[in-house]
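Taken from TrEMBL, the feature active site, proton donor covers LYS110. The feature active site, proton acceptor is assigned by TrEMBL to LYS218. Annotation comment: TrEMBL describes ASP140, GLU166, ASP194 as Mg(2+) binding site. As annotated by TrEMBL, domain 'Mandelate racemase/muconate lactonizing enzyme C-terminal' applies to 91-185.
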Amino acid sequence: MSTELPPLDELLANSFVVRLPMRVKFRGITQREALLIKGPEGWGEFSAFTEYAPAEASRWLAAGIEAAYQPFPEPRRTSIPVNATLPAVPANQVGTVLEKYDAPHTIKIKVAEQGQSFDDDMARVAEARRLYPQAALRVDANMGWDVDQAVEALKALSEFDLQYAEQPVPGITGLAQVREKLRNAGVDLRIAADEAVRKHTDPLEVSRLGAADLMVIKAQPLGGIQAVLDIAEQAELDVVVSSALDTSVGLAQAAALASALPDLPFACGLSTGTLFADDVSHEPLLATAGFLAVRRVDADLEKLARLSPEQQRVDWWRHRVEECYQYLVRV
Ligand SMILES: O=C(O)CCC(=O)C1=CC=C[C@@H](O)[C@@H]1C(=O)O
Ligand SMILES: [Mg+2]
């Protein structure tokens, strides 16, 4: 990366910190912070989750720099099928949350949330199925189960006809075990790897070991469009592009990634703009009837000013850029 890195002071001079309010709690947060970079090719986003250490967060910075300084790749498609994302809300809120998405054909439902029970998951998925009988449903446990819990839970949830289950347990071997146990029990449910790809030192190990059926790939966590296209090319598994809960600027980069892949067999998790109550552009990247346009998104300066958090958070993000930049210089 070091040869392509712009000077740090140039990056900082063109950086803007925002905090977006969310309509509904997701991943334990109700406000999403991000640092946006204005570059010669357009806007880029750096929004590694605040608990991530610099080594991991630096890949997100590389992605933000790529978006601001490099053109997006030649698209193979101009519109991307996307899934609605349903946070781990109580069953009686499922309708209200999903109503915000325009005619979703695919819905990803969070399950195994800390502090909740398996009955909560069953009720949430049952309600989504009742309201959207034709939709493809998938679940994401974010590693919230152990192997036995996952097998039991997924056997029961399969009743609702699931497209796949994302990262039911931690690790790569755990995924392989869940997959095999489900097969042995006669449950033919695809397993997708997410954290086992984006948080692993080698994102391709899942594929090499055949531990899952699908790989979730994300532009920011994996270091940008080019890095992910390389991973996808080497992977022997189907890939699903997903968001990193980015603002519309980051979603545009993720949609550009999806637009450049040779095959796009599954709807992408890029409808998360709907989870925000406000965004960085007057033309946020939101799906229409389950499809997202492939286009650059420019942040609006008036919005950026209005969404700027207190100075202490601005300083924190700028310092984080400096720390992550040092990592990228060394790579
Ligand atoms: O894939 C989607 O439908 C939306 C994106 C999404 O679920 C996520 C975005 C950001 C952080 C992750 O915890 C989460 C995921 O696990 O896939
Ligand atoms: Mg996931």
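Here the Cβ of each residue, glycine as well, is placed from N, Cα and C on the backbone.
Positions of TrEMBL features highlighted on the structure.
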residue	record	Cβ contacts under 8 Å, 6 or more apart
LYS110	active site, proton donor	PHE26, THR85, LEU86, PRO87, ALA88, VAL139, ASP140, ALA141, ASN142
GLU166	Mg(2+) binding site	LYS108, ARG138, VAL139, ASP140, ALA141, ASN142, ALA192, ALA193, ASP194, VAL216
LYS218	active site, proton acceptor	ARG198, VAL228, VAL241, SER242, SER243, ALA244, ALA254
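Other Cβ atoms within 10 Å of the Cβ of ASP194 (Mg(2+) binding site) number 25 in total over all chains. Among the recorded positions LYS110, ASP140, LYS218, the residues whose Cβ sits under 6 Å from any atom of ligand 1 are ASP140. Secondary structure at ASP140 (Mg(2+) binding site), as computed by DSSP, is strand. Same-chain neighbours of the Mg(2+) site beyond ASP140, GLU166, ASP194, judged by a C-beta within 8 angstroms of the site's C-beta center, are, in sequence order, LYS108, ARG138, VAL139, ALA141, ASN142, ALA165, GLN167, ALA192, GLU195, VAL216, SER242. Within 10 Å of the Cβ of ASP140 (Mg(2+) binding site) there are 24 other Cβ atoms, across all protein chains. Secondary structure at GLU166 (Mg(2+) binding site), as computed by DSSP, is strand.
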